[in-house]
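Pulled from TrEMBL, these are the features on record:
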MOTIF     A:34-37  motif 'HXTX 1'
ACT_SITE  A:His34  active site, proton donor
MOTIF     A:116-119  motif 'HXTX 2'
ACT_SITE  A:His116  active site, proton acceptor
Protein chains: 2
Amino acid sequence: MKYGIAIFPSKKIQDFANSYRKRYDPHYALITPHVTLKEGFEIADDQVDDVAKDLVQVAKQTKPFSINISKVSTFSPVTNTIYLKIDPNESLTSLHNQLNKVEATPEKDTFQFVPHITIAQKLSDDEYSDVYGSLRMMDVSFEDLVDRFQLLYQLDNGSWTVYETFRLGEE
Amino acid sequence: MKYGIAIFPSKKIQDFANSYRKRYDPHYALITPHVTLKEGFEIADDQVDDVAKDLVQVAKQTKPFSINISKVSTFSPVTNTIYLKIDPNESLTSLHNQLNKVEATPEKDTFQFVPHITIAQKLSDDEYSDVYGSLRMMDVSFEDLVDRFQLLYQLDNGSWTVYETFRLGEE
């Protein structure tokens with residue numbers, strides 16, 4: 001099955017992101033707003049609990065940390081994706097790197113890690129210009145505590161179900 | 001915030017349920033297919049981790065158990081809800097009862113516990129008759145292992161995000 005690893009920010013941030021995703025993100029109904037830590041990767045059914053054990057170790061060794069969001073940004077011209085940008089954060093990057101080193105999940109991310117919460121994607125060029133033109137001016141300011149991450153799997157319809165939660169820093 | 005407690009069955013069962021939910025359940029996009037263990041209830045933000053601690057205790061004291069699904073049933077005439085019926089199961093009922101006794105979540109369920117996975121709801125009477133008339137004849141047969149449950153919270157748009165997973169029988 002296809003698994004992924006993500007952080008769900010607090011309800012306040014998710015509600016804010018959804019107010020845009022509802023109109024501008026075709027993945028709106030597939031998963032609630034999130035920060036992807038590890039893109040979709042395959043795990044055999046009989047190996048998922050081994051992977052989960054490794055994730056427990058990573059979680060234990062990571063202390064809860066704060067993240068800040070202070071601007072709207074974009075992956076254009078690569079894709080017409082607009083997102084809430086998470087300010088550079090060593091704890092988050094370190095967590096990402098560790099999760100992508102977990103032995104049983106050897107796929108490497110192809111892109112540099114740019115932590116973000118998508119609020120619009122797969123827009124036409126015209127729509128993208130309109131939407132980003134107005135969103136880029138927006139004042140956004142959120143601080144959030146990250147104290148857990150989640151391992152999810154994807155259903156046939158594209159939606160994601162949480163398999164397990166991993167609390168940071170717990171023995 | 002409003003929280004709920006649910007079990008997500010295995011992917012195979014979720015995919016099967018979604019093949020009907022897509023057409024017949026307006027909650028299709030709000031949550032993946034699930035067995036509700038505790039209906040939505042309010043927890044203050046500063047109390048959720050106390051509730052989570054109680055849930056850890058309930059989970060530890062509950063051994064993983066199997067459930068069986070062998071028929072499609074309905075809550076009609078109370079509501080036009082059609083569901084995959086989970087065969088009577090002492091472990092599941094006991095888990096439900098314990099979760100509804102957790103001290104910090106005093107709301108009582110008003111209805112008898114009928115464990116189920118909804119596949120259609122809020123149908124018009126005519127649509128209900130059509131859909132149930134064909135689904136009731138369907139052979140369904142699933143066995144599944146329950147080894148965890150999840151505490152979720154509801155966003156403003158009605159969708160649900162997992163707050164935490166509780167594995168059964170773990171020390």
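Cβ atoms here come from the backbone N, Cα and C positions, even for glycine.
Mean pLDDT of the predicted structure over the motif 'HXTX 2' (A:116-119): 97. When the active-site residues A:His34, A:His116 are compared by the number of other CB atoms within 10 angstroms of each CB, A:His116 has the fewest. If you take the Cα of A:His116 (active site, proton acceptor) and the Cα of the residue listed as 'active site, proton donor', they are about 8 angstrom apart, rounded to a whole number.
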